[in-house]
Structure formats: C-alpha cells, structure tokens
Amino acid sequence: MMTPNYKNIQDEESKPLIEHSTHIHHAKDTKNKITENSKPTQRRMGSLDAVRGLTIFGMILVDNQAGNDVIWPLNETVWNGLSTADLIFPSFIFISGFSIALALKNSKNTTSTWYGIIRRTLLLFFIQCFLNLMGDHFNFTTFRIMGVLQRIAICYFFSCLSFLCFPVFLQRLFLLGVTVTYISIMYGLYVPLCGRAVLTENCNAGAYIDSKVFGQNIMKESNPNGPYLNDPEGLISTMSSFITAWMGLEFGRVFTKFYKKYDYSNADIIIRWTILVIFFMIPAIALGASVMPFNKKIWSFSFALFTVGANGSLILIAFILIDVIDWESLELPKVRKIIDLVITPMKWIGQNPITIYSLMVFIEIILMYYINVGSNSLWVQIYEKMYLSWLKNGYLASTVFSIGWLIFFILIAYIMQRNKIFIKL
C-alpha cells in the first residue's frame, strides 16, 4: 500500500499563477486511531509546486538560448511538429487551470471574488503588455499586444467565469462550444488570398483575424512575404488553448472532489487522472498523425488534446512520487532524499513563478535591446565572449548559456524563499 509521506514540509502561503491554496492534509500518526474530530496537519501539495517550477525551468532554458544552434529538446518547432520545448507553455496554462479548481473550490459568486479575479486578470495582461512595449522601445504603433501572460490572463478569466457562473453540465458545454468555434473558424472561414482550411504559416484564419483586430501590433516572426503574419499567442489560437486550461481545471476538480484526508492510496484520484490521460492521448495521437498535425503556433486541436494528456501524465507521476508514496515505509529513504534534492529548486521557483518569469523577460529586454557593446548587444557579447569563445561548439555553448541563466534564477528564487518573499497577484 502507498501511504503519504509524513515528513514535515514548511507551509508558506503563496499565490503563484493565481491566488489559491495548495495545501493537502494528512494525519500525523497512522498508528493512532483517527476520529471525526481529529485535526490533520497541513502541508503544501509538493507535486503542484514542483511541476509549476519545472515549467519555469523549461521556459528559462528555452527562452535563453543564444545564436541559431539549439539542441532539439530546447528548440521549438518552426510550424507543424512537436518537440519538448513546445510543451512548456501549455504546461504553464494547464497548471494555472489546475490552480483555479483549488482556488475557487469554496468560493461564492460574489463581488469580492470577482474583484480578485478581475484584478489578477488585468495584472497578468498588462504586466506582459508593459514588457512588450518596453521591448519595442515604447512604440505604441507597433508593440505587440498579445503574449504569454495575456493568454494566461484570458484563459484564467474565462475559466473562472465558467466555473463560478455555470453548473458543471453547462461548463463542459461551454468548453465544447469554444472547441467547435475554433475548429469552425480555422477550417471553415474563407481567408482572402489564401482560401478555406489553409493552415500554413502565413495563410490561416487565425493570422487573418489577428491582422484585422491588431493591425501592426502583433509578433512579426512569420515570413514577411506572406499575406498575413501569424502571432503564436493570437486571439483564435487562444480559444484552443482554453481547452488546455479548462482540462487543467478538470484535473484539479478531480483532486478537490476525491481527495480524502485518510485515504492513503489516493486511488480515486489516480484512477480518474489515468482515465483522463488515456482519453485525451489516443485521439490526440490519431489526429496528429493524420488530418490535424500538431502545431503549437496555431494551437491545433490535436496539439491541445496532446497537451492535456502530456500534462495530465506529468502531474499524475509527480503526485504519486512526491505526495503519495511513503518512501521511508518502503525502506527507501535515499529515494526520498534524491527526490527532495531534485524538486527543491523547482519548488523555490514554483512559489514565485510570475515574478521569476517577468524578471527573466525584463533582463532579456535590457541586455538585448538597451545595452550595446560595439556593434552587438550585451546579450550577444556575453554569449560570444563568455561561452562560445572557449566552448567552440554553438550547440554546446547555447545550452550552457541557458543553464547559466537557470542557475542565476534558481539563486534568485532561493533568496526569495529564504526571506519568505512571495509576490502575490
């Protein structure tokens, strides 16, 4: 039998992607009889903090590459296809959805609740807007309106709206409606100069609508010779990313509904999560290998399904390894020590993810666009002089460069955790 780990874990209150509680309860001593009036101790849901931190680890490694030589696991797919790097941002969104279920499980549809939701939504949206504006030297004409935190903000708001305002049946009907609308637009809308059901980098319905809504205020990463520029965090693809966010909420709902203080196996949760993973993985792979290729840039339906299955698998494995199995009772205390050693830095970052992410982007912008050394930015100079000059190999230098930044942000997160600094939205 698997039993919870009874090691005391420090219980600081923090609000990562959104305000929520990640506390799970367990008894202090299983040898004593547990009664109705027993008050179990509390500890953080370590697996949630670890997965959240792992997601930020991935973002730091992927976003802090230098040069064009990037190893496959850290290199995002140009268009159709799938790499591990493509799954990092979806994990961010999935975990934010999971957190909503914990945050709102006892919340009422009140003015104070909505004040907090709207406040967090606006903060998430405009923090990234400011960073985008800063990256474009405060040019309001061309700065990018959408982005990572904007997408999270939109998914967060509509997930909260559905969760608080509709019964469960209508919540899932709303999800179905969003899904059908996304597919109908991407495959049914006629796009001038492109046609219907065309899903190329510069010809797709999402890029067309974004160009009409935002004009020049979109990411300019597509082929400039095409009729439309595809923003990877555009409006229409955000509709599909809502699938990822909402299913994260559904996984969280399973946890809040079936977690029992004294059910040491947590079998109800594990079985249901496993069923959900299989339910989404099979059609995702079938569609991705045939009529709907995996595509992160437009968040294709197959990609959305796959992100649910992949992140569901990740939280399931982490939950079992970190929160369920009592390695000491299995006479494997060294395994517990190794797990704690590995996940501790993740948990540091996982308790301040928005702060670490925003700081990372801020530093990138300063080094890339505001400080020049000779003909290159300071960012390029650091990479070439401190890494490429002695490592020689571009792939190795770029990887070590990103690992250096990861270590830097782990130290920042450690200092914040040690001083009990938790910046809350």
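Glycine is no exception: its Cβ is also placed from the backbone N, Cα and C atoms.
Per TrEMBL, these features apply:
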type	residues	note
REGION	1-42	region 'Disordered'
COMPBIAS	9-36	compositional bias 'Basic and acidic residues'
DOMAIN	44-170	domain 'Heparan-alpha-glucosaminide N-acetyltransferase catalytic'
TRANSMEM	50-67	transmembrane segment
TRANSMEM	87-105	transmembrane segment
TRANSMEM	117-135	transmembrane segment
TRANSMEM	147-166	transmembrane segment
TRANSMEM	173-190	transmembrane segment
TRANSMEM	273-292	transmembrane segment
TRANSMEM	298-322	transmembrane segment
TRANSMEM	354-371	transmembrane segment
TRANSMEM	395-416	transmembrane segment
Self-check item: Long-range neighbours of the transmembrane segment (395-416), counting only residues six or more past its ends (CB under 8 A)
Solution: 56-57, 60-62, 64-67, 69-71, 74, 345, 348-349, 351-352, 355-356, 359-360, 382-383, 387-388, 422-423
Quiz item: Does the transmembrane segment (354-371) reach the transmembrane segment (117-135), going by 3 or more CB pairs under 8 Å (6 or more apart in sequence)?
Solution: yes
Quiz item: Averaged over the whole of the domain 'Heparan-alpha-glucosaminide N-acetyltransferase catalytic' (44-170), what is the pLDDT?
Solution: 93
